[in-house]
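So the structure is just underneath, and the comments pick up after that.
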Amino acid sequence: MTSRIELARVDLRGRTPSTAELRAALPRGGVDVDSVLHHVRPVVEAVRERGAAAALEFGEKFDGVVPATVRVPAAELARALDELDPAVRAALEESIARARRVHADQRRTDTTTEVVPGGTVTERWVPVARVGLYVPGGNAVYPSSVVMNVVPAQTAGVGSLVVASPPQANFGGLPHPTILAAAALLGVEEVWAVGGAQAVALLSYGGTDTDGAPLDPVDLITGPGNIYVTAAKRLCRGLVGIDAEAGPTEIAILADATADPAHVAADLISQAEHDVLAASVLVTDSVALADAVDAALTAQLAVVKHAERVRTALTGKQSGTVLVDDITQGLRVVDAYAAEHLEIQTADASAVAARVRSAGAVFVGPYAPVSLGDYCAGSNHVLPTAGCARHSSGLSVQTFLRGIHVVEYTEAALKDVAGHVVALADAEDLPAHGQAVTVRFEALS
């Protein structure tokens with residue numbers, strides 16, 4: 001018999017905590033990346049010094065397998081696609097089509113502003129030249145992460161893509177065949193059988209494969225991973241760009257008495273099954289709903305495949321129910337929490353959702369569960385965690401673009417503003433800056 005699940009409760013009714021107090025009171029887990037940096041730094045340094053040879057040694061140590069080459073042969077990509085379950089292939093094709101439709105509308109166009117007659121500034125959008133897309137192994141297989149990383153990069157016009165995913169002992173040192181098939185379906189030709197911190201380091205520094213072929217370094221690394229991947233990203237940031245330091249997945253649900261407790265429970269469980277550190281948070285003004293959700297969690301947990309993992313996540317310090325006076329207070333709570341995934345299951349859900357200011361993605365109403373966004377909504381599921389949605393966005397076409405300002409001024413336009421340039425340069429005690437302008441209009445003495 002399954003023991004009853006009762007989410008820990010934080011009661012904010014009748015209180016008006018400050019923002020700092022609110023953030024401190026809310027359930028929050030996360031991981032301490034600093035605690036593993038001393039383990040990861042030697043891995044990164046070894047790969048920097050010895051390239052693929054070091055990465056393969058760490059792969060043997062951590063994954064228990066050494067691939068014949070880091071780069072997966074093209075024949076293996078083709079074979080994985082040929083052998084892919086037809087239902088999974090159809091689902092991936094639908095996911096790709098929807099993601100491409102959404103991300104196509106994110107393309108940026110160059111803009112030119114005439115500041116003054118003869119003086120223009122153009123913002124030109126240029127894709128990152130080469131990108132490394134990390135797809136984790138671990139508790140599950142994530143072909144959907146291949147889609148979510150590759151589609152915006154391709155849409156942005158990135159010319160060179162490499163997917164890195166851990167080698168699997170069960171598959172002869174290759175990444176999981178579903179990962180390979182997804183890459184092939186997207187037209188990705190370069191996949192590396194390397195995972196963990198050593199993958200991030202090899203993507204950053206490059207090296208030489210066992211067959212002598214070059215493994216070119218990338219300019220940007222995206223994609224989620226465990227704490228060691230995150231630590232390696234931190235250590236390599238600057239040498240390469242990174243999308244974010246991803247933490248455990250999280251869902252917050254803002255719900256009132258109109259919500260179906262079975263739906264709320266199912267959605268909380270769906271994210272809890274990712275990881276024992278996953279966060280599932282309910283914010284509600286209805287004690288009756290909170291009680292009903294606890295009962296529904298208990299009932300559903302009895303038939304969930306990964307019951308122990310889910311139970312551990314739901315009963316961890318990162319999960320719980322927050323009781324509020326009303327939906328307005330609930331909105332303040334969810335904005336302070338800044339969830340990776342936020343569901344709105346209230347009356348007039350669209351109007352409530354329009355008031356949200358901090359969330360990685362918002363799922364509105366009873367028929368937009370987070371699972372839809374994970375796979376087939378068309379939105380991207382690589383989203384900011386650990387409260388970073390207060391200042392950061394999810395993966396998009398913009399992630400893979402750089403805006404370059406192109407400044408063009410005629411002689412007359414420069415002469416017209418020269419006095420202002422000189423005044424500001426002198427105010428900052430940088431007279432050579434002003435001289436670089438005036439020299440164009442007067443002879444040197």
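For all residues, glycine too, the Cβ spot is worked out from N, Cα and C.
A quick note: this is a predicted structure, and the numbers were derived from the prediction, not measured.
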Candidate sharing the substrate site with Gln271, His274, His341, Asp374, Glu428, His433 (per Swiss-Prot), from Thr249, Thr321, Thr410: Thr249
Closest of Tyr134, Gln198, Asn226 to His341 (substrate binding site), Cα positions, binding-site residues only: Asn226
DSSP state at His341 (substrate binding site), helix/strand/coil: strand
Cβ-Cβ distance under 8 Å to Tyr134 (NAD(+) binding site), same chain, at least six residues away: Asn149, Val163, Ala164, Ser165, Ala199, Val200, Leu203, Ile221, Thr222, Gly223, Pro224, Gly225, Val229
Glu340 (active site, proton acceptor) and Glu428 (substrate binding site), Cα-Cα, nearest whole angstrom: 43
